Amino acid sequence: MTSFLHETLAGNTAIALPYCLPSGAGVQVMDEGVIRFEPQEGVKHTCDVVISCGVHGNETAPVELVEQLIEQVCAGAIKVRARVLFIFGNVAALRLGQRFVEEDMNRLFSRTPDVEDGVEKRRAAMLEMHVMRFFQAGGEGRSRLHYDLHTAIHGSLIEKFAIYPLPKPNKSFSAMEIARLSLAGVDTVLLQSTTSSTFSFFTSRQCDAASFTIELGSARPFGQNKGIDLSKMAAYLQGLIQGVLPEPELVPAHVQIFRVSREIPKKSTDFKFAIDGKTDNFTPLPVGMVLAVDQGESFVVTESDARIIFPNPDVPPGQRAGLIIVPAHHLPT
Ligand SMILES: [Zn+2]
């Protein structure tokens with residue numbers, strides 16, 4: 001039997017009426033690469049979970065993981081005791097094995113649609129609609145989770161890490177959510193300091209979900225992901241689907257939490273990094289180091305224990321060419 005992923009990549013999306021698995025769980029294909037499972041009527045469930053991957057089409061390890069989860073659910077190997085929406089984000093780019101077709105989709109959420117929108121902008125707007133509907137239909141009072149799974153185009157000194165979207169003004173970062181990530185094998189968390197145009201920021205703000213962008217290793221083509229160990233993440237997600245929502249109260253001592261100290265602005269085409277643009281994520285930066293020069297102006301590291309993340313000198317002027325992060329010694333409230 002061919003998988004939902006294979007059918008999707010082959011362009012065989014059949015959007016039909018919902019049907020039931022032999023176990024009684026409901027299935028509905030919502031859109032190309034978007035499939036929803038719901039527990040059998042009468043089964044008590046406490047959480048609504050969105051598991052997305054492939055927002056960047058060359059990041060295949062999480063796509064393979066999600067494909068396996070869908071297959072396990074369809075085969076009855078995992079019982080559905082939570083509402084779950086699986087999303088293959090950028091199907092057009094997945095077909096090409098490329099990060100994107102026209103533009104980076106993870107910078108295109110929370111915007112106003114326009115008639116001139118290209119493939120990624122239209123897809124982002126559709127995904128927003130699907131997650132809004134999914135969470136709304138679940139109703140109030142249940143835990144809402146969204147894990148947007150990625151692999152990094154960069155090398156990284158820390159293989160797995162999560163980006164925690166900035167909460168609404170009246171909310172704070174949750175220790176329990178960070179502790180849950182640790183159960184999934186993600187022991188490093190970067191707290192966002194600004195609003196953002198990512199998928200996880202959208203669901204965090206607009207759907208009131210506990211949302212994370214999760215980086216799980218480095219990006220490789222399909223079938224070449226053996227070096228990435230996703231067993232803890234797989235077990236955690238299998239648990240969630242089966243209705244097991246752990247409630248750890250304390251963040252384990254080994255978990256590292258960082259916050260953004262500053263963005264590295266690229267103001268003009270004169271911008272030059274003093275470091276290699278391929279520098280690994282989380283590389284330490286010494287105080288006093290000239291990190292970049294732009295129009296004769298130096299950008300100097302002033303923070304102690306600083307590290308760099310997402311260095312990219314090739315972004316268009318006006319965007320950030322990287323972030324300086326520092327340890328967060330306690331969760332801001
Ligand atoms: Zn990505």
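For all residues, glycine too, the Cβ spot is worked out from N, Cα and C.
Residues His56, Glu59 are given by TrEMBL as Zn(2+) binders; from His130, His146, His150, that same site also lists His150. Sequence-ordered, the extra residues of this chain that approach the Zn(2+) site, with Cβ no more than 8 Å from the Cβ center of His56, Glu59, His150, are Cys53, Gly54, Val55, Gly57, Asn58, Pro62, Arg99, Asn106, Leu149, Thr151, Ala152, Ile153, Glu215, Ala219. Note: the Cα of Glu215 (active site) and the Cα of His56 (Zn(2+) binding site) are spaced 12 Å from each other.
Summarised by DSSP class, the composition of the domain 'AstE/AspA barrel-sandwich hybrid' (254-327) is 0 helix, 37 strand, 37 coil. Secondary structure from DSSP puts Glu215 (active site) in a beta strand. For ligand 1, the neighbouring recorded positions among His56, Glu59, His150, Glu215 are His56, Glu59, His150, by Cβ distance under 6 Å. Sequence-distant neighbours of His150 (Zn(2+) binding site) (same chain, 6+ apart, CB under 8 A from its CB) are Cys53, Val55, His56, Glu59, Pro62, Thr213, Ile214, Glu215, Leu216. Averaged over the domain 'AstE/AspA barrel-sandwich hybrid' (254-327), the predicted model reaches a pLDDT of 94.
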